[in-house]
Amino acid sequence: MTTATKTEFPGPHQTANHRSGDVDFQQVFRIILSQVVGQHLRVLSQPGFWERQGAQLESSQVSVVGGAGLCDMDLDAITKHSALHAKPSGLILQYGTAGFRIKAEHLDHVMFRMGLLAVLRSKQTKSTIGVMVTASHNPEEDNGVKLVDPLGEMLAPSWEEHATCLANAEEQDVQRVLLDISEKAAVDLQQDAFVVIGRDTRPSSEKLSQSVIDGITVSGGQFHDYGLLTTPQLHYMVYCRNTQGQYGKATTEGYYQKLSKAFVELTKQAFCSGDECLSLKVDCANGIGALKLREMKNYFSEGLSIQLFNVGTTGKLNHLCGADFVKSHQKPPQGIEMKPNERCCSFDGDADRIVYYYYDADGHFHLIDGDKIATLISSFLKELLLEIGESLNIGVVQTAYANGSSTRYLEEVMKVPVYCTKTGVKHLHHKAQEFDIGIYFEANGHGTVLFSKTAEMKIKQLAEELEDKKRKAAKMLENIIDLFNQAAGDAISDMLVIEAILALKGLTIQQWDALYTDLPNRQLKVKVADRQVISTTDAERKAVTPPGLQEAIDDLVKKYKLSRAFVRPSGTEDIVRVYAEADSQESADSLAQEVSWAVFQLAGGVGESPQPGF
């Protein structure tokens, strides 16, 4: 029998989980191809079909050989295993930017099915696919799962739909949905599949990861379980494996070494020295970030001293701590001791968000969010480009939630073009890919910088060819490229970038904060009968429906100085989110309340109407 060429997936520890058979499946597969091209894959399971081809197989089993191993889609086995991961009656979920998130006890069936889906996605892309078990900044009782595409990106939108259909399928429909996906996505079932898995520190994560593995193995996939990882680390591993190690080594050791080497090289030229400049307090949200920073900090200890707080030994994950808590409540987390003017930062539960903050000499709390992080990084990169005399195409990507002062500072002072996208990391990441250097951060602290291959090659070339100050600037850019995790927003990576820039520029956290002053703002929520009555355009900054709403908002905005406001429907519940900013907190609060009232009146508000006062 002729053996097909096996696709070799990059990376160590490839655990084979293929099933084997005793039928000449290659011959059967050739017969199938000749007779079912353009037809639904469901015909493979019709009674009598296999007998007509002379193959003695049960009507519900489809198997094909994939090189040296057997890629087996044993639908009977999948059905039997699926019953062990039964779907709760009536549960309907939606795969979004964050994947699936819900109470952990409702996720077993989803995890098993995402294992199945990851195998199909791997076959279709002929690449390693990632599965991350986490619910990020959600409470400890929740959990979630998301798939990672070949270059560390979020799952493609068409496959988000497949994920939703598969997760919501009733038990008797799982086979049909799998075959539908295979047909619609033109999945080559003969292709081998390889999946890598990571998980956070939630009590439920290990068991749910095993459910993912069950789905992978029963559908004939291979896998490597990395165990405990930050979400950005899993994105990094997938990117490394699918670039045959060109992006880096697909191990935690490789991750630590790449980032730390770049950080140490950068900070060799730092202007400042001493404990005050090179020390940082880190709130780890009682999550995975604590474990990984503890492992990693010895790699860069010469360049930065960090103290870890909320490391998971006593407190609960994300409870009264973490980046989301600090951002939402505008106050420091519990469990961290802060002195005036000390530099502090917080990660979220899976370490893909970061915010900075400090107390001033008068005891006032100051938050430095994703907008100011993007501004610091953009300014530094722009200065380096000017130093080397290279006019690479640089752009900053924001959402409508970015503070207006940050946008004005970037455009008017730094002369850096700013672009606005819809809310959601996948939209920002996609837009940032259009530039030689694309910088994106959400206000919540999730973001990174992307460098085009052309820009990377140009910078590397200049680092070798230029002399003196210009060569030094090019070398800095070269190290900055290695220090960013270009696969995803990464709190550890971003922290090291920020610390390196502050050290190189000799900036205190107060000086960074003083780059511009945020406009006062207010966010509110309005309950409505149906969120779909609200539709938007212009990156969610203008309401298209219901009729009259945008006109009402425009009239209200005219009443206040330096003001703007927008509304957008929630992606998960029947509420409309309202954002307003103005020259004073009183004005921002008043504008937000008036816009909320307009939404309630014109968009079918339910329950108690918006009331003034905050």
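In case you wondered, yes, glycine gets a Cβ from its N, Cα and C as well.
Just so you know, TrEMBL annotations are computer predictions that nobody has curated.
Here the structure is a predicted model, which means the values were calculated and not measured.
Residues 7, 9-11, 71, 93-104, 107, 110-111, 113-117, 174, 177-178, 180-181, 184-189, 191-200, 202-205, 208-209, 212, 229, 231, 234-239, 241-243, 285, 316-319, 322-324, 348-350, 352-353, 425-426, 429, 486-488 of the same chain sit 6 or more residues outside the domain 'Alpha-D-phosphohexomutase alpha/beta/alpha' (123-166) yet have a Cβ under 8 Å from a Cβ within it. The domain 'Alpha-D-phosphohexomutase alpha/beta/alpha' feature in TrEMBL is assigned to 123-166 (among others).
Listed in sequence order, A98, R101, G144, T231, D348, G349, D350, D352, R353 are the same-chain residues six or more apart from S136 (active site, phosphoserine intermediate) with CB atoms under 8 A from its CB. Annotated active site, phosphoserine intermediate per TrEMBL: S136, in sequence order.
TrEMBL lists S136, D348, D350, D352 with the feature Mg(2+) binding site. Neighbours of D348 (Mg(2+) binding site), defined as other CB atoms within 10 A of its CB across all chains, total 31.
Positions annotated as domain 'Alpha-D-phosphohexomutase alpha/beta/alpha' by TrEMBL: 188-240 (among others).
Residues annotated as domain 'Phosphoacetylglucosamine mutase AMG1' in TrEMBL: 250-355 (among others).
According to TrEMBL, the domain 'Phosphoacetylglucosamine mutase AMG1' annotation covers 369-506 (among others).
The feature substrate binding site is assigned by TrEMBL to E442, A443, N444, R568, P569, S570, G571, T572, R577. The Cβ of R577 (substrate binding site) has 20 neighbouring Cβ atoms from other residues within 10 Å, across all protein chains displayed.
Residues annotated as coiled coil in TrEMBL: 452-486. Same-chain residues lying 6+ beyond the ends of the coiled coil (452-486) with a Cβ under 8 Å from its Cβ atoms: 152, 232, 235-236, 239, 247, 258-259, 261-263, 265-266, 269, 381, 384-385, 387-390, 392, 433, 435-437, 492-494, 496-497, 500, 504.
The annotation domain 'Alpha-D-phosphohexomutase C-terminal' is assigned in TrEMBL to 525-595.
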Q | Of P569, G571 (the binding-site residues), the residue whose Cβ has the fewest other Cβ atoms within 10 Å | A | G571
Q: Note down the number of other Cβ atoms within 10 Å of the Cβ of D352 (Mg(2+) binding site), including every protein chain shown.
A: 31
Q: Over the span of the domain 'Phosphoacetylglucosamine mutase AMG1' (369-506), count residues by DSSP class, listing helix, strand and coil in order.
A: 81 helix, 20 strand, 37 coil
(Q) Radius 10 Å, atoms counted are CB only; among the binding-site residues D350, E442, which position scores highest? (A) D350
Q. Using the Cβ centroid of S136, D348, D350, D352 as the reference point for the Mg(2+) site, which residues of the same chain not in that list have Cβ within 8 Å?
A. T134, H137, D200, T230, T231, G287, A323, F347, G349, A351, R353, H446, A491
Q | Secondary structure tally of the domain 'Alpha-D-phosphohexomutase alpha/beta/alpha' (188-240) (DSSP, helix then strand then coil) | A | 24 helix, 13 strand, 16 coil
Q | Neighbourhood of N444 (substrate binding site) by C-beta distance under 8 A, where only residues 6 or more apart in the same chain count | A | A323, D324, K327, R353, V355, D369, G370
